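Asker: My questions will all concern the structure given below.
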Amino acid sequence: MLASLEWLKQYVDINISVAELCDKITRVGLEVDTVTQLGKGLEGVITGKVMEIHRHPDSDHLWVCMLDYGQGGEPVQILTGAQNVHQYDIVPVAVVGSVLPPSERNPQGLKLKKAKMRGLDSFGMLCSADELGIESKLLLPEQRNGIFILPENTPIGVDIKTVLGLDDTVIDIDLTSNRADCFSIIGLAREISAITGCPLKMPAMDVKEAAAGKASDYVNVKIDAPELCSRFATRVLKDIKIMPSPEWMQRRLRACGVRPISNVVDVTNYVMLELGQPMHAYDADKVAGHTLIVRRAEEGEKLVTLDGKERELTSAMITIGDAEKAAGLGGVMGGLLTEVTDETKNVILEAASFHGPSIRRTSRALGLRSEASGRFERGVDTIRDHDALNRAAHLLEEMGACETFSGIVEAYPEELKPAVITTTAAKINGRIGVNIAEDEMVAILSKLGFGVEAKDGELLITAPTWRRDIDCDADISEEIARMHGYDFIESHQPELTITQGSQSVLDDVKDDVQDYMVGAGLSEMMTYSFIKANAYDKMLLAADDARRNCIELLNPITDAFSVMRTTMVPSALQTASFNLRNHNSSVALFEIGRIFLPKALPLTEDPAERQLLTAVLSGSRKVLNWCDDKGNVDFYDMKGIVEGLLEAMQVSDYTMTRSQQPYLHPGKSCDIVVNGEVIGSFGEVHPVVQENFELDQVTYVLEMAVEPLVASATAVPQYKHLPKFPSMSRDIAVVVPAEVTNAELEQVIRAHAGELLQGVRVFDIYTGKQVAAGCKSMAFNLTYQAADRTLTDAEVDASMKKVIAEVAEAYKAKLRD
C-alpha cells in the first residue's frame, strides 16, 4: 500500500518526523517496507512560459525558445530538439546550475551548464517527464515523449517539485491480508490517529443534488446472485464534462502509483485510494434498459473488457449486465461497450461489495489483477458504499463537471450486522500476560472505532464495520496488545508444569516404515494434500466410487490443487511423471501422507483423516554402467518391498489376492489382506491410466494404510526354539483352469493340510502341449514338521491325500502325470 504523506496530513495532524512515524506504525503491526522521497536529486527546476519560438537558422530539428520563468527581466534563450513545444506553453525549465536526477536519458543524473548548439547559446533545458524522475507508466501516452507540458493555468517561477507534488514522501506499507481496512488513506489515517492521539478528519461528502430529476428515473439495479454481491449502490450524474482532473489530484494519484486519465476515471480511482471502496463509472446512455443486474455469467459468455480484449466467462464469475448484455466484470474490470468516453453526457457511478474469493478466482483465471480486485479480495466495508458515491459526486461537482440527480439507487438484500464480542479484562490480561486496566482497554478500543460497554465485570464490544477480521475475543486481545505496545510486555518464565513429551505410537510406526523404505532404496517425496478434480477420471474410478466424494476447496491455489485427496495414487503418479519428463529414467519414490474422507457433503463436521503409504517404481533397478545388462523393475520388485515391509512390521497373517482396483493392470496387481481386511493394493499401472498421467514407461504403484500395522509393529516379539525334529517335504502338481490363482489354491491347501503344515510354496507354473487348452499346471512344495516328534510317511501321506481331494473338489483339479 503506497501512501502519500501529504495526503495523510490532510486527515490527521502529523507533528513527528517521518522516521518516528514509520517506527510507530511498524510497532502496531503495520510494517513499513520502504520510504521514498519524491523528487530526490531534483533541484532548481522551475516552471516557465514559452514567449517565443522559432526554428534554429542552422538546424532543421532544433527550436529556439524564449522563456519567461518569473524572475523579472528579459526572457531567457533555451534551445530544444523536442517537437511538441508551442508558443505560450507552460513547461519545466532547468536553468543553469539546476540538478536533474538519474533517468533513462541521463543515467548518472545531470547538472545544467550553459551550452552552445549550432552556434547559439542555450541557458538551460526544457525537461521531459523522464528527466524529472516521473515513471512513464504513470503518464498518458501523449505525455511520455517530448517535453512535459503543464496545464495552462500553472503559475510560472514555481519550483516544479511543488507543482507536481514531487516534494512529497511516499510510505510503502506491507499490509497483511487481514488488514483490509488499511488499504486506504483514511484507514491509515485512522491508525495514525489512534497511535498519536490526534483527531481524525473525514473528507467532505456533501452533495448538491439537482432540484429536478431523480436517480431512480434513470437507473434500476437488481442482485440475482446475493451470495456473490451483498450490496450494489449507484448514483447518476448528468451533463458530465470530460476533462483532465485537477493537478493536485493527478499528483496524489501518481504518488500512489496510479496513472491519471480523465476526471471521471481519476475520481473513481481517487475515492478508492482515499476510502478503500473500489468504484466504476458507466456511460448511462449505453446501459440498455437503464438497468444494471448483478448475476452469474453464463457459461461461455463473451465480454470485451476495457483493455480491448474479449474474455470468455464462466458461471463462477460475477457479471454486471444490463437488459441486453454483459456490461462489466464485477469487481475486476468494466466492459468496453459502456465505457465513459469524451462523448459521454450522463454517468452512472457504482459502489458495490463483491464476494472476495470469487473475485480472486476470476482475476487469476483471466490474468486480470488490479487495485480494485485486490481490495475486494481482502474485503471492503459494505456500510461505506454511500460515502464513496457521495465523495465522488462531491469532487466532480467541485470541478464543475456535472450535476447530481437526487437519491441513491441500490440493492441491499441483507443488512450487514457488525460482530459483537463479550469478554473480560481478566481474560484479555491472561492472554496477553500483562496487567492493563479496564479503563485503558476501553480507551484503546474506542480510539480504534470499536463500540465498548463495560457492565457487570464484562466488556460488550461491537467491532466497526471496516474491521471484518474481528470475530472473537482473541482478536480483541491482539488489538489491545498492539496498541498498548508489544515492547511493554515483559518476558518471564512460563508458569506451567513441564512434562516429558513423546511421539505417539502411530508416529513411531511411521518412522519405522520410513526407515524400511529408505533402506529398500527408495527416496522420500513430499506432495500437496490437494489434487486436481479430474484425477479420479484419470484413475478410471467408477462414477459411484466413494473416493470421488472429496472436499472441494473454496479458494484453491490453482486448478491443479482444487480438491482434498481421498487417495494418494494421483500424487505419486504425477510425481513419477514429472521425474520421467525431466530425464530421470529411474524412479523409486515413497511418501507417508494423509487422505481426507468426508462423512457427508457438504461438510458438517471435520473429515476423517487416514495415514497412507504410497510408493512408485519405474525404470532400471540401479544406475547402469558399461558392464551391466539393463534390468528394469517389475511386479516382483514391488511385491518384494511389500513383503519385506510386512515382515519388518511383524505382520505374519496376511494374504495377497487379485486386485480389482481400476487403476491397476488386472493381471499384474494384488490386494494386501491382513486379518480379513484389505489394507492396500499394488501392481502395474493400468496402460490407460499410464497414458492419462503421461508416463512413458511401465510403472508400478503401491498404496497401503499405515494404521493397521500399529498392532503388530508394536507387539513384543515372540521367540521360539529351533525345531529339534526334522521336517518332511512333498511336491504336488495339479492342472486347474487358467483363471484359478495361486492364492486360491494355497488357501485350500492350508485349510485342509492340518496343523503339521509349516509352509506352502509355488515353484512352477506351466502351460503348453502337455496341458489342455484353458488350463495350467501349478506345482507346490509343502513342508511338514512337528515340534514333539519325527513325522512318519503315513502321517504326511494322509494329509497329502486330503489336500488332493479338496483341491480336486474345489477347482476340478487333476494331478499332473
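Including glycine, each Cβ sits where the backbone N, Cα and C put it.
Any TrEMBL annotation is an automated prediction that lacks curation.
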Asker: Per TrEMBL, which one of D469, D487 shares the Mg(2+) site with D475, E478, E479?
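Answerer: Mg(2+) site check in TrEMBL: besides D475, E478, E479, the record includes D469 out of D469, D487.
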Asker: Determine the most Cβ-crowded residue among the binding-site residues D469, D475, E478, E479, using a 10 Å radius around each Cβ and all protein chains in the structure.
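Answerer: Of the binding-site residues D469, D475, E478, E479, the most buried by Cβ count within 10 Å is E479.
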Asker: Going by DSSP, is D469 (Mg(2+) binding site) sitting in a helix, a strand, or coil?
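Answerer: It is coil.
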Asker: Report the DSSP secondary-structure composition of the domain 'B5' (416-491) as helix, strand and coil residue counts.
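Answerer: The domain 'B5' (416-491) comes out at 33 helix, 14 strand, 29 coil.
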